[in-house]
Amino acid sequence: MSKPAGFSQRCLHYAFDYQTPKTLVIPDIGVGCVFRFGQLLVLLYVVGYVCVVRKAYQETDSVISSVTTKVKGFAFTNTTDMDPRFWDVADYVIPSQGDNSFFVITNMVVTPNQTQSRCPEVPNPSTTCMDDCDCIEGHSDPRGNGIQTGLCENYSTTAKTCEVLSWCPLEIDTKLPEHALLASAENFTVLIKNSITYPKFNVHRRNILPHINSSYLKRCEFNRATDPDCPIFRLKNIVSEAGEDFKTWLCDLDWWAGKCYPKYSFRRLDSKHPVNNVAPGYNFRFAKYYKTQDGEETRTLIKAYGIRFDVIVFGTIPVVTDWFMLTCMRKRDRYRKQKVTNLNEDAETESVSGQSFSFTFYIPHCLQ
């Protein structure tokens, strides 16, 4: 063989030959017990903690959810401020067709028959006056109810306030009904329809399960013990059970995907502060507009108090990373087969020189 060829051959061997360590076998039971005990600890950690507890072999995906809600129920009120009135879904649920949140009115302050006119402001330190000089024409207070006209008028027999251009008569929201006008709202029910998808694994599910049909929906009501699959909830049960997040949807594809069911739970988000409970609850104003026979615009102003329901969906889907495991196994078998062959040849060579060695191999991960 020529020198250039021999040199090239040596370079190739230097670059691509793979060497493995030789391990000396120590025939000592004590040392062997320590070695096997260490192996057992590693095995327990990998199998028990990493695989069973942490499920590190799984790959996860986050949920994408679409929620719709539909409330049913009715109420009747008869107060001095309003004529006897029947309330249905279109009156007490805002918005009428909710997505992942809806608001149910339980109490209200009603100011009927308001018109665009002039009237004395509600008394407070910034609106009381002695004469017209205390009122500034055109002045408006963002916390007030209108634009001052520059006149000081009698609000009552004991108080005078600046006149304003506004919707009159003005709202007096300090007189909240002692008993909730729509207390029967606790018996309203809400149907929650939820569709989820895990796009990475093309998994789709609904909270209306396959065994649920129309006749079942007409008579079922969610009960954690007796009917946990029903998607219809009574509002008083939601309020009484409030304690955790509203809904969690966990799918584990180590098991059959058909066992991917939602679990419902409830929590009050605006928890009351035991000491500083300023501005508790949830309220807002809205108005209903009318036209009188002579064409004058009037409205009924409603300051609504109630409960806002937010449907929150959490979910993950773990699956086994089969490709990684199978690839590692295939490459490991190929590696072992090749090295055993080489070791046998090396062992024969070593035995000629009168030395005896045992070779062991530890493959801690997938060799590429």
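Including glycine, each Cβ sits where the backbone N, Cα and C put it.
Noted in TrEMBL for the protein shown:
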- LYS70, VAL71, LYS72, THR189, ASN283, PHE284, ARG285, LYS303: ATP binding site (BINDING)
- CYS119-CYS168: disulfide bond (DISULFID)
- CYS129-CYS152: disulfide bond (DISULFID)
- CYS135-CYS162: disulfide bond (DISULFID)
- ASN187: N-linked glycosylation site (CARBOHYD)
- CYS220-CYS230: disulfide bond (DISULFID)
- CYS251-CYS260: disulfide bond (DISULFID)
- 311-329: transmembrane segment (TRANSMEM)
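All features noted in TrEMBL, drawn onto the structure.
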residue : record                      : Cβ neighbours (10 Å)
LYS70   : ATP binding site            : 16
CYS135  : disulfide bond              : 22
CYS152  : disulfide bond              : 21
CYS168  : disulfide bond              : 19
ASN187  : N-linked glycosylation site : 12
THR189  : ATP binding site            : 16
CYS220  : disulfide bond              : 15
CYS230  : disulfide bond              : 20
ARG285  : ATP binding site            : 13
LYS303  : ATP binding site            : 16
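Neighbour count (other Cβ atoms within 10 Å of the Cβ, all protein chains): 21 for VAL71 (ATP binding site).
Here CYS168 (disulfide bond) is positioned 34 angstrom away from LYS72 (ATP binding site), judged by their C-alpha atoms. All protein chains included, PHE284 (ATP binding site) registers 12 other Cβ atoms within 10 Å of its own Cβ. Taking the C-alpha positions, the distance from PHE284 (ATP binding site) to CYS168 (disulfide bond) comes to 19 Å. Of all Cα pairs drawn from LYS70, VAL71, LYS72, THR189, ASN283, PHE284, ARG285, LYS303, which the record names as binding ATP, the longest spans 24 Å.
In space, CYS230 is the closest of the recorded positions CYS119, CYS168, CYS230, LYS303 to ASN187 (N-linked glycosylation site), judged by Cα positions. Counting every protein chain shown, the number of other Cβ atoms lying within 10 Å of the Cβ of ASN283 (ATP binding site) is 17. Annotation for CYS129 (disulfide bond): spatial neighbours CYS135, CYS152, LYS160, THR161, CYS162, criterion Cβ-Cβ under 8 Å with sequence separation of six or more. When the disulfide-bonded residues CYS119, CYS168, CYS220, CYS230 are ranked by how far their Cα is from the Cα of LYS303 (ATP binding site), CYS168 comes first. Calculated from their C-alpha atoms, the gap between CYS119 (disulfide bond) and ARG285 (ATP binding site) amounts to 20 Å. Here ASN283 (ATP binding site) is compared against the disulfide-bonded residues CYS168, CYS220, CYS230, and the shortest C-alpha distance is to CYS168. A simple Cβ count within 10 Å picks out one of the disulfide-bonded residues CYS119, CYS162 as the most packed, and that one is CYS162. In this structure the alpha carbons, written CA, of THR189 (ATP binding site) and CYS230 (disulfide bond) are 12 Å apart.
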